[in-house]
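Report on the structure given below.
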Amino acid sequence: MPRYVVFGQPVGHSRSPAIHRAFAAQCGLALRYDRCEVAPAAFAEVARDFFARGGAGANVTLPHKAAALALADVADPAARRAGVANVLTPVAGGLHAHNTDGAGLVRDLHERQRLTLEGRRALLLGAGGAARGVAWNLLDAGLAELLVVNRTERAAAELVARLEDPRAAAAPWSALAEAAPFDLVIHATAAGVLGQPLALPSGLVAAGGLAYDLSYGSAAAPFLAWAARAGVAACDGLGMLVEQAAEAFAIWHGVRPATDPVYAMLRASMPVAASLA
Ligand code: NAP
């Protein structure tokens, strides 16, 4: 049976095995998908060993996404520009790295949230791996403007410089209220995962706009509570999680599975965001 894995630390919370097993059942494919918890110092060796023993594909999550790109022999444009990869696949020339986060987010925004990105004004909070993984795709989808705001201002400025797009700009956190309102506010920081507070003004989201947290589960609760207090529509990153996994599944198996049934299965076990969506 072909073997797949998700590498991370910690990785016990990862929904990737459940998602890929559900996709495989739907498509009538037999596969094995496991979690592998590995420390940064051991990641490269463990990953190389997995593929040397015939591993068919790997998802990669924190903190190994930059190391995954470094390990690869060839990378798709999305992984190269983001500087991080979340999918590794053995190919004839070695290991191929992909980044499917941006495609997953845009698909969730379009298909599940029914949000048109064309001509919209968006705020991206954060400039880490996840923010870099989605920024280009958001611009490619036709945004009129993308403002990047990050706790460490230099990282936001660096991301905007790499985007090389006149629609993108960076601003300090203190300028948020003045720059509002936005049609779309994307929360891509790790504050929720780390259990740290995030200070956001209330008028960030325009009437009819959407607040979107890339996190899900309890990590998304503070941002979703802020959105509820501000009286704006909001959702967590569960849809993006399922869509980015479907992109990886398509790379590995040549077929894109139906995501709605798998999203519904996961949502049933994560009612926090559902009650606010
Ligand atoms: P990362 O590379 O470690 O970046 C962390 C980012 O969060 C940086 O911009 C950092 O700012 C910022 N940050 C950390 N603590 C903060 C705080 N207390 N206040 C304000 N900003 C803070 O992590 P990542 O890979 O970008 O992941 C970010 C989130 O996205 C995680 O919750 C992850 O689970 C989620 N994610 C979801 C999906 C999905 O499929 N739904 C996919 C990828 C990631 P500094 O530069 O100042 O340190």
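Here the Cβ of each residue, glycine as well, is placed from N, Cα and C on the backbone.
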| Hey, TrEMBL has shikimate bound by S14, R15, S16, N86, D101, Y216, Q244. Any idea which of T61, T189, T259 it lists too? | T61
| message | Just to be sure I read the record right: G126, A127, G128, G129, A130, L214 are listed as binding NADP(+) in TrEMBL. Which of G102, G104, G237, G239 is listed for the same site? | response | G237
| note | R15 (shikimate binding site) -> DSSP, reduced to three states, gives coil
| task | Just jot down the residues in the same chain as Q244 (shikimate binding site), at least 6 apart in sequence, with C-beta under 8 A of its C-beta; none if empty. | result | N86, T100, D101, A103, G104, L105
| task | Anything from the binding-site residues S14, R15, S16, T61, N86 with its Cβ under 6 A from ligand 1? List those in sequence order. | result | none
